[in-house]
Amino acid sequence: MNPPILAIVMSTVISGTIMVLISSHWLTIWIGFEMNMLAIIPILMKKFNPRAMEASTKYFLTQATASMLLMLGIIINLLLTGQWTVLNMPNPVASNMMTAALAMKLGLSPFHFWVPEVTQGVPMSSGMILLTWQKIAPLSILYQIAPSMNPNLLMAMAIMSVLVGGWGGLNQTQLRKILAYSSIAHMGWMIAVTTYNPTLMLLNLTIYITMTLGTFMLFMLNSSTTTLSLSHTWNKLPLIASLILMTMLSLGGLPPLSGFIPKWMIIHELTKNDMAIMATFMAMTALLNLYFYMRLTYATALTMFPSTNIMKMKWQFESTKNTTLLPPLIMISTMLLPLTPMVLTLF
């Protein structure tokens with residue numbers, strides 16, 4: 001894609017998300033979602049091939065259906081209240097419709113089927129945007145309408161998302177699909193705490209985006225797309241192999257890494273609100289995610305691909321890829337746990 005066209009498309013994606021974030025009027029929020037959706041399609045089709053075209057079509061159809069459902073909920077709310085404001089949501093039918101539409105945009109279960117397929121069909125950089133930036137706008141609306149949402153509906157979607165995200169990733173060998181199922185599971189954790197403490201959902205989103213960005217950048221730096229390709233990493237780039245190991249364990253929520261903070265806080269919040277059984281169930285299902293992350297760390301750091309090369313390290317050219325953002329992302333992804341009290345004061 002030409003740099004000027006890419007700049008225009010990216011600025012439209014960012015503008016659409018910002019419009020959703022700063023608006024309190026349902027019509028401008030809907031327009032922001034549409035701008036974002038239409039501008040992301042060329043980014044998904046950056047490498048023009050049948051797989052990218054199929055993935056983009058699936059994404060467009062899913063998001064268009066979600067937008068239609070969202071507009072239907074907005075119109076029902078408008079007819080009943082006569083207002084366009086976001087915070088005025090007294091009708092449960094409109095609220096449930098909007099929740100379902102936003103769940104479809106986020107890829108929450110049972111509307112999750114498009115997430116692995118679309119992520120696998122697009123380039124790694126497009127998948128990174130899809131699983132990070134594209135989550136911000138729908139979650140910001142969920143944050144605003146949290147008091148008027150049905151907590152039972154949200155909890156059911158959270159349970160299904162955590163289960164699907166854990167089970168779905170167990171038999172995968174493609175890294176993009178693994179990260180897609182990981183995204184579904186993380187969204188489930190965020191939704192579980194939305195009605196009790198929406199601010200904690202923002203903390204979880206911030207840490208999730210940081211960890212996922214770092215992971216995608218490491219995979220792109222290493223040109224890895226499958227579990228098998230990770231086994232070449234230790235021969236070529238031992239430092240990158242160590243960093244992949246750390247970020248994978250952090251995504252799995254293993255202490256003392258940063259990924260443990262949101263899980264710890266969410267379990268504490270659920271227990272505080274007499275949801276101890278739910279907290280126990282979610283903690284147990286998190287082990288499914290941890291298992292496939294452990295598989296990836298084993299493939300990266302504890303295996304070496306058979307080679308006839310007698311040298312310990314393979315000779316290679318110095319990487320020309322830009323890694324400016326990588327060090328701060330890795331530090332935040334792995335070393336935030338001691339700063340938990342300070343982080344909590346920010347949210």
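Cβ coordinates are placed from backbone N, Cα and C, and glycine is handled just like the others.
Some features that Swiss-Prot has for this protein:
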- 5-22: transmembrane segment (TRANSMEM)
- 26-45: transmembrane segment (TRANSMEM)
- 60-80: transmembrane segment (TRANSMEM)
- 150-170: transmembrane segment (TRANSMEM)
- 178-198: transmembrane segment (TRANSMEM)
- 200-220: transmembrane segment (TRANSMEM)
- 237-257: transmembrane segment (TRANSMEM)
- 274-294: transmembrane segment (TRANSMEM)
- 327-347: transmembrane segment (TRANSMEM)
Positions whose Cβ lies under 8 angstroms from the transmembrane segment (274-294), at least six residues beyond its ends: 155, 158-159, 162-163, 165-167, 169-170, 172, 178, 182, 185, 188-189, 192, 196, 248-249, 251-254, 263, 266-267
Cβ contacts under 8 Å made by the transmembrane segment (200-220) with residues that lie 6+ beyond its boundaries: 124-125, 127-128, 131-133, 135-136, 139, 142-143, 175, 179, 182-183, 186, 189-191, 193-194, 240, 243-244, 247-248, 250-251, 258-259, 261-262, 265-266, 269, 321, 323, 325-326, 329-330, 332-333, 336, 343-344, 347
Tertiary contacts of the transmembrane segment (327-347) (same chain, 6+ residues out, Cβ under 8 Å): 199-200, 202-203, 207, 210-211, 213-215, 217, 243, 246-247, 250, 255-261, 265
For the transmembrane segment (178-198), sequence-distant contacts whose Cβ falls under 8 Å of one of its Cβ atoms, 6 or more beyond its ends: 103, 106-109, 112, 115-116, 118-120, 127, 131, 135, 139, 142-143, 146-147, 149, 151, 154-155, 157-162, 164-166, 168-169, 172, 204-205, 208, 212, 215-216, 251, 262-263, 266, 269-270, 272-273, 275, 278, 282, 285-286, 289, 292-293, 296
Contact set, same chain, for the transmembrane segment (150-170): CB under 8 Å, 6 or more residues outside the stretch: 92, 95-96, 99, 103, 108-110, 112, 116, 177-178, 181-189, 191-192, 194-195, 278, 281-282, 285-289, 291-292
Tertiary contacts of the transmembrane segment (26-45), as residues 6+ beyond its ends and Cβ separation under 8 Å: 1, 5-6, 9-10, 12-13, 15-20, 52-53, 55-56, 59-60, 63-64, 67, 70-71, 74, 77-78, 84-86, 105, 118, 122, 126, 129-130, 134, 137, 141
